[in-house]
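What TrEMBL records for this protein:
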| type | residues | note |
| --- | --- | --- |
| TRANSMEM | B:9-30 | transmembrane segment |
| DOMAIN | B:95-303 | domain 'ABC transmembrane type-1' |
| TRANSMEM | B:101-124 | transmembrane segment |
| TRANSMEM | B:145-166 | transmembrane segment |
| TRANSMEM | B:178-197 | transmembrane segment |
| TRANSMEM | B:237-260 | transmembrane segment |
| TRANSMEM | B:280-302 | transmembrane segment |
Amino acid sequence: MIHDQKTLAAASPIRSRGFLADMGRRFAHDPITLGAGGVLLVVALAALLAPWIAPADPNATSIVNRLRPPGTPGHPLGTDELGRDLLSRVIWGGRLTLFMGFTPVVVATLIGGFLGILAGYAGGWVNSAIMRGMDVFYAFPSVLLAVAISGALGGGLVNGLLALTLVFIPPIARVAESVTLQVRTQPYVEAAVATGASATRIVVGHVLKNVAGPILVYASSLISISIVIASGLSFLGLGVSPPDAEWGLMLSSLRQSVYVAPVNAVIPGAMIFLTSLCFNTMTDGLRHALNVKE
Amino acid sequence: MLRFVLHRLAYAVPIIVGVSLVCFLLVHVAPGDPASALIPDDTPPEIAAQIRAAYGFDRPLPIQYLTWLGNVATGDLGLALSTRRPVIEEVLPAVANTLRLAAGAIVLACVAGVVLGTLAAYRAGRTSDRAISAIGISGMSVPQYWLGIVLVIVFSVELGLLPATGMGHPDAGLAGQWQHMILPTITLATVPAGVIARSVRSAVSEVLQQEYVQALEAKGLPAAWIVLHVAKNAAPALLAIMGLQFANLLGGSILVETIFAWPGSGYLLNSAIFLRDLPLMQGTVLVLALFFVLANLAVDLLQMALDPRMNSARRGSG
């Protein structure tokens, strides 16, 4: 009880100023987070607007123009091993890379969040059944599980998405379960039970509101990992298949040319690094703004 | 204490059974069945059925699982389709090669992470702290398959200092192979080093704010002695994080070994996938996952030995 009062006392001044306004104010005073957000915005807009802003057809090959260095007239980032314009492929590649990074986290948040809240609220054997099942998948290193599942299924975009979703469900379910367990014993839940509210009403009206924040903050920290692993699958030949533009796949094919065109080979991977770095920086800023302690 | 050890050991058993079930099912979710790689497309159906029966693939799945589990328990992981050699003979030497890289990488990651993280905590808020934070988050974010290629370009292609791939002569020993290990070890260590540096910074700065540290300072104890007290109290939390980083190493090795053509388990898994050698793939995944489960078990037990508080807390909660 003492602990509860402390939490309330700490939370009340934030509430009084308006939670979102306060968060926005903290973001505005954090130039690094803003910068990372700006870079991500540019990358995401470029990917969305690819058909209109890409200077050339990303799949138009030109054997005479193979592996031109960055700065070549007409090809600001040079060309790849089939003479395709690298800038256009980087812009188009952002679409598949971001899509493959985002989708598994979103789907896993819905499924893992549902399972975790159910396990945490129901308790008893439901909890044991769900959480011990999660523990088994948690016992695999995430890259190993992703490679093993997509490898067994035979690779490809859909199988890669499926594998990554399965990888992220257990950690999200764990976080959802532990925050639900904390919320379940709060006085306002006890009060709702005492007034005779149904379980569905309590979960939707009280529990969900209070666990959504921590679950979403945690899930957002998985996006950078998801992008890196998804591109890694494509790099290994288990994700997106040629000739589609995707950063991991581009890195994999340009890697054969490191002796001829080292700078070209570095570019697609540098995009993966930049995106992943900005997502992690954003997540740090978000944690800071929300005052989440690890 | 003994009760907790037994409790923790008992908890590992269902996990190991679950892991084996996942590995078994991995082969059965694959398109076709494990025998399809053995049977040429133009085989008459009755002969194909005979081959399936010979391997036991016509029996119900639970029976197949139990038979397989019984074989695994005796160290028989089946035959690799691509080499016709026992899977276990392919996997164990590869895992040994992976562990050689992983051992170097975990030492490098811990030393770099602990030194940088402690430095940052002591200089909290200053430029050096910010610089170390930037290094930490970069290390954590970098795609290792890209960093490996960048290192190859710089040190092998441009400077010609280190070999780009392979492990040298298999019998050359460490003296003949250390040059081959440098780039993959550094690549493998980056992500864990970044994560450890960040955790060490937060753990150490938390301890630094404790009253007993202020008391030690007030007493006039030299800073070097205070570090020892800080280290002792931050150690259990850090050990847990280092244990988790072992997962990063085993997972990262799949991509890193592929780039450097290092003949470890990750490289083996990748080639098994592309040869559609399902028994070899299954065996490699199983051995790696079991290794990870046992490593986690070891970390938990070690953590308990280091931190008496945890022991009594567990006993208190039953």
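Keep in mind that glycine also has a Cβ here, set from the backbone N, Cα and C atoms.
TrEMBL labels come from automatic prediction, so no person has curated them.
Of the candidate ranges B:101-124, B:145-166, B:237-260, B:101-124 contributes the most Cβ pairs within a distance under 8 Å of the transmembrane segment (B:178-197). Outside the transmembrane segment (B:237-260) by six or more residues, the chain places 98, 101-102, 105-106, 109-110, 114, 144-145, 148-149, 152, 164-166, 180, 183-184, 187-188, 191-192, 195-196, 199-200, 203, 266-267, 269-270, 288, 291-292, 295-296, 298-300, 302-303, 306 with a CB less than 8 A from a CB of the stretch. Listed as Cβ neighbours of the transmembrane segment (B:9-30) (distance under 8 Å, sequence separation of 6 or more from its ends, same chain) are residues 61, 64-65, 68-69, 72, 278-279, 281-282, 285-286, 289-290, 293-294, 297.
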